[in-house]
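Participant: The structure follows.
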Amino acid sequence: MQKHILKKTVIALATIYLIITISFVLVHIMPGDPIIHLIGQEEYYYLLDNDPAYLETLIEKYGLNDSLQMQYVKYLKSIVTLDFGIAYSNQKPVVENVLSASKWTLMLSVPVWILGGIIGAVLGVLAGWRPGKLFDRIMTPVFLVLNTMPSNCLSLLLLMVFSYKLRIFPINGMVSAGTQGIDRVLSILEHMCLPLIILLIFRISGDFMLMKSAVSQIRNEEYILTARSKGLPGKNVLFLHVMKNAMVPYLTSFLMQMGNLLSGSMIVEVVFGWKGMGMLMYNAVQNRDFPTAQFCFLLSAVCVVGSNLLSDIVNAAVDPRIKTGGAYEA
């Protein structure tokens, strides 16, 4: 077990290093001059014509005249020293901006992760245990369509219907201006309803399909048929035998989804103007804010790879059929 953990940890660290290296290169080779995004196009051309020395000072201040290799070395040094620099966008520490944005993302993602996981699993078990019944025939096509629909399409569709047409929910943003106290809390809850519903739909549909597939497969195993032939009640067979084995792939998915808590709702955040981690990362890439973009990619990589590592270790501990370097076999 220790060798298994050590091997997976080394692979995880190598994966994180590869991800942050690729993301660093991609961010830096994007077209456009970052200094223009930093000071604005009008200010840039004014300084270029009237004070090129000061413009050069700004470029040197932010290290934008360094070679790509030197910027990469500085980036790795910032990771080692935990000094992630100052954001180009607002001249605040990158970590401060990320912490501020993270709380808004977690406000959406944590309820979706827990509540959506429970609802999707329960519905999937019900459909998988009695395939072909009315519940299965209704729910499976619905969740199959929802699970394959792009999140931006569903977001825009529900936004058009419930915000523009019916005016049930606010169009975008996180809170109405000028609200205080309990009114501010209620305004935040009102603004988060539609993004929360959309994220729940995708979470529930994914877990529904996973659990239905697992239960449908396990219910036809020989040991399940033997248990039923001995006269065991259906509920006992379901909870003592089927659920015990179906929970292994579900647990894997549940733990892996934990890695997407900070970065898994970018499209929804952008569509609804929800100023969380996804919006912060999107704006950082758009505006060539290198320090912010690099830290967001690093944090996302650590979360995703770390959750995968955790799920692999937990599954190896609870299921002896998972061998070192292998995968779960149903």
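Each Cβ is built from the backbone N, Cα and C atoms, and glycine gets one as well.
Residues or ranges marked as transmembrane segment in TrEMBL: 9-30, 110-129, 141-164, 184-202, 248-272, 292-311. The domain 'ABC transmembrane type-1' annotation in TrEMBL covers 102-311.
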Participant: Between the stretches 110-129, 141-164, 248-272, 292-311, which one has more Cβ pairs under 8 Å with the transmembrane segment (184-202) than any other?
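Facilitator: It is 141-164 that shares the most Cβ pairs under 8 Å with the transmembrane segment (184-202).
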Participant: For the transmembrane segment (292-311), give me same-chain residues lying six or more residues beyond its boundaries with a C-beta closer than 8 angstroms to one of its C-beta atoms, as numbers and ranges.
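Facilitator: For the transmembrane segment (292-311), the nonlocal Cβ contacts are 8-9, 12, 15-16, 19-20, 23-24, 27, 75, 79, 84, 87-89, 94-95, 97-98, 251-252, 254-263, 277, 280-281, 284-285.
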Participant: Would you mind listing the long-range same-chain contacts of the transmembrane segment (141-164), meaning Cβ under 8 Å and 6+ residues beyond its ends?
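Facilitator: Residues packing against the transmembrane segment (141-164) from afar: 123, 170-171, 194-195, 197-198, 201-202, 204-206, 208-209, 267-268, 271-272.
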Participant: Which bits of the chain, at least 6 residues beyond where the transmembrane segment (248-272) starts or stops, bring a Cβ under 8 A of a Cβ in it?
Facilitator: 102, 105-106, 108-110, 112-113, 117, 121, 151-152, 155-156, 159, 172-173, 191, 194-195, 198-199, 203, 206-207, 210-211, 214, 278-279, 281-282, 296, 299-300, 303-308, 310-312, 314-315, 318-319, 328, 330
